[in-house]
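Each remark here refers to the structure printed beneath this line.
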Amino acid sequence: MSSGFSHMDGDGSITMVDVGDKKDTRRTAIVRGKVEMAPATLDMLVKQALPKGDVLTTAKVAGIQAAKRTWELIPLCHPLFLSYVDVRFTVDESLPGVVVEAEARTTGQTGVEMEALVAAQVAAMTIYDMCKAVQKDIVLRDCRLVYKSGGKSGEFRAC
């Protein structure tokens with residue numbers, strides 16, 4: 001029984017993909033998401049006037065740490081040697097809120113999409129955590145892979 005899913009064996013049971021015979025290639029993944037909040041909350045974030053301190057620096061560190069621990073959080077992910085992880089933020093008053101962008105890179109046998117996704121989501125959740133004292137209805141949305149390269153499937157760019 002072939003499901004087409006790489007994490008299922010012939011019997012339909014889950015399995016960790018064997019990447020042992022795959023060639024090492026340079027791999028990159030970029031993920032983007034949004035954290036929407038009230039203009040007043042965004043203003044406090046920009047002015048570093050929130051009770052918990054410097055939101056974006058804390059969120060950046062949290063996202064980078066999370067990327068490095070992805071294999072511990074997602075059951076069938078491989079532990080990877082990440083050569084680069086970054087989390088970047090753009091304040092967007094038209095949202096209003098913050099656009100979170102996470103990038104992960106490696107040279108290896110499997111991709112870094114999950115690491116970039118986890119980095120972006122944890123960074124966004126950290127922004128929520130640090131702002132929730134002044135606003136509870138902050139919205140995390142539209143987190144998605146926008147670019148990947150490397151491996152057998154090659155390059156992907158979201159429309």
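Quick reminder: no glycine exception, Cβ is built from N, Cα and C everywhere.
Note that the structure is a prediction, hence the values are computed from the model and not measured.
Residues or ranges marked as substrate binding site by Swiss-Prot: Leu76, Cys77, His78, Met114, Glu115. Taken from Swiss-Prot, the feature active site covers Asp129, and the record attributes it to sequence analysis.
Known features from Swiss-Prot, placed on the structure.
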residue	record	Cβ within 10 Å
Leu76	substrate binding site	12
Cys77	substrate binding site	18
His78	substrate binding site	16
Met114	substrate binding site	22
Glu115	substrate binding site	28
Asp129	active site	16
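You'll find the Cα of Leu76 (substrate binding site) roughly 28 Å from the Cα of the residue listed as 'active site'.
Note: the substrate site is recorded as Leu76, Cys77, His78, Met114, Glu115; in the same chain, Thr70, Trp71, Ile74, Leu80, Thr110 also have Cβ atoms within 8 Å of that site's Cβ centroid. For the binding site of substrate, formed by Leu76, Cys77, His78, Met114, Glu115 according to the record, the largest Cα to Cα distance is 13 Å, rounded to a whole number.
Taking Cys77, His78, Glu115 as the binding-site residues under consideration, the smallest Cα distance to the residue listed as 'active site' is found for Glu115. Mapped onto three states, the DSSP output places Glu115 (substrate binding site) in helix. According to DSSP, His78 (substrate binding site) sits in a coil region rather than a helix or strand.
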